[in-house]
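**Q** Okay, here's the structure, questions in a sec.
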Amino acid sequence: MSKKPAALIILDGFGLRNETVGNAVAQAKKPNFDRYWNQYPHQTLTASGEAVGLPEGQMGNSEVGHLNIGAGRIVYQSLTRVNVAIREGEFERNQTFLDAIKNAKDNDKALHLFGLLSDGGVHSHINHLFALLKLAKSEGLTKVYIHGFLDGRDVGPQTAKTYIQQLNEQVEEIGVGEIASISGRYYSMDRDKRWDRVEKAYRAMAYGEGPSYRSAMDVVDDSYANGIHDEFVIPSVITKENGEPVAKIHDGDSVIFYNFRPDRAIQISNTFTNKDFRDFDRGENHPKNLYFVCLTHFSESVDGYVAFKPVNLDNTVGEVLAQHGLKQLRIAETEKYPHVTFFMSGGREEEFPGEERILINSPKVATYDLKPEMSAYEVKDALVKEIAADKHDAIILNFANPDMVGHSGMVEPTIKAIEAVDECLGEVVDAIIAKGGHAIITADHGNADILITETGEPHTAHTTNPVPVIVTKEGVTLREGGILGDLAPTLLDLLGVEKPKEMTGTSLIQK
């Protein structure tokens, strides 16, 4: 029997704006997208800020986008969750923080605060550090030391001094805290098992080993003089007048790691917490029995306490499809495969009953501007075959190109990327329509829509622009003011499935 599949097609990084300069989305020839846009009901969706559980004005990203899409509701991201906790006074009542402070106070130990020193909002936010300093002060701590990781990636490449200045002012105002070490995130936040980098950061923090300076500003000045920008600043130790380190991390000290995004926090955390750590020799006197607090849950491998525990997402789109006995397919190339599986399922690794997954390998190239089509054609070929085989009721697909090539900040390759995706989109959607099915064509956030900054530099980051949504169903209208959290209810609506109460998003199809 022929299936009439409903598909959710995510054009990753495909934002909309009117200005065409530096806008690969507008400049690309995309006859298929344009045809669907003109022929079928369409609207725009908000994919950034509080609409996706981020702070207002914060650009969205693929993880956040797919989490919201799959959950069918606004999923408050760690950054917003912590901001709200600070705003509403929950932060200073957080028992995990208070226990870490008590450990330091009762045992005459130090409290070490470490994390990324910027307001980039991707891995951390400097305001969370300031809130911790205020809390330490209000609880009467005096031995409070900061190990700052310089960013230069989620913010400008030479912005460290701005953040160090802000920190110095806050320390002065609050009356507690001293910078003990500084390192570029390249070392302290590696996630690719380059342990030689991590070891340099670890030794600066634990042993006070590395280049030494009288102030954090001196570290940055010297680095810049040697052509080294924030991200790559060599782990350095701040010393007192007598040349001794301001602080080292000692046995039994308390540590609060205020990064909220896990991936780049795991390795350095394991280095401090794992009894069986073997990736490099930590030395005989490495600090033991630390009261180690992670802001959020980093990994099972990290032996520490968690201040903001994970929120379980029940009844995501995949779970609801499974409950109704519907067969679903998730398909993407490597770069976005975790997004259509793990993130779309609310942070769940395993498949739901009736769920099939197809992973197409991303091409092995140094950077994707060298192969803007990536593996879009292979993804399309595999999917068209699946549609013909009548196996699936629901399909969730991601085309990675506009985002991955857009990160190059290069207009021509990104135009090529979008044109390749458009060609593939046409074949996929036409195959679905030929089966009597429907497609929702949308995006998770912007990127390819701004590739040149106002000063003419390459723009490599995501954008806060709205994203398109097209539903290939004649005779219906879509409501305005939609968000990514409305997409799962819309998909369920197309399949005639009632959305669960946990999904606070609503179908975009007006009744």
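Cβ atoms here come from the backbone N, Cα and C positions, even for glycine.
According to Swiss-Prot, the protein carries these features:
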MOD_RES   Y36  phosphotyrosine
ACT_SITE  S62  active site, phosphoserine intermediate
BINDING   H123, R153, D154, R185, R191, R261, P262, D263, R264, K336  substrate binding site
BINDING   D403, H407, H462  Mn(2+) 1 binding site
**Q** Taking the recorded Mn(2+) 1 site as D403, H407, H462, identify the other residues of that chain whose CB atom sits within 8 Å of the mean position of the site's CB atoms, giving them in sequence order.
**A** D12, G13, N61, S62, P402, M404, G406, H445, N447, A448, T460, A461
**Q** Tell me whether D403 (Mn(2+) 1 binding site) sits in a helix, a strand or coil according to DSSP.
**A** helix
**Q** When DSSP is mapped onto helix/strand/coil, what comes out for P262 (substrate binding site)?
**A** coil
**Q** Using C-alpha atoms, which one of the recorded positions Y36, H123, R191, R264 comes nearest to H462 (Mn(2+) 1 binding site)?
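**A** Minimum Cα distance from H462 (Mn(2+) 1 binding site) across Y36, H123, R191, R264 lands on H123.
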**Q** Between C-alpha atoms, which of these binding-site residues comes nearest to Y36 (phosphotyrosine): H123, P262, D403, H407?
**A** D403
**Q** Specify the nearest of the recorded positions S62, D403, H407 to D154 (substrate binding site), where nearness means the distance between Cα atoms.
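**A** Checking each of S62, D403, H407 against D154 (substrate binding site), the shortest Cα distance is to H407.
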**Q** Near D403 (Mn(2+) 1 binding site), which recorded positions out of S62, H123, R191, P262, R264 have their CA within 10 Å?
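**A** Candidates kept after distance check: S62.
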**Q** Please name the residue among the binding-site residues H123, R191, R264, H407 whose C-beta has the most neighbouring C-beta atoms within 10 angstroms.
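**A** Selected residue: H123.
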**Q** Taking only the Cα atoms, work out how far H123 (substrate binding site) lies from S62 (active site, phosphoserine intermediate), in Å, as a whole number.
**A** 14
**Q** Cα of H407 (Mn(2+) 1 binding site) to Cα of the residue listed as 'active site, phosphoserine intermediate': how many Å, rounded?
**A** 13
**Q** May I ask you to report the DSSP-based helix, strand or coil state of S62 (active site, phosphoserine intermediate)?
**A** helix
**Q** Express in Å, rounded to the nearest integer, the largest CA to CA distance found among the substrate-binding residues H123, R153, D154, R185, R191, R261, P262, D263, R264, K336 named in the record.
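**A** That value is 24 Å for the farthest Cα pair.
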**Q** Among the binding-site residues listed here, D154, D403, whose Cβ has the fewest other Cβ atoms inside 10 Å?
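**A** Across D154, D403, these binding-site residues, the one with fewest Cβ atoms within 10 Å is D154.
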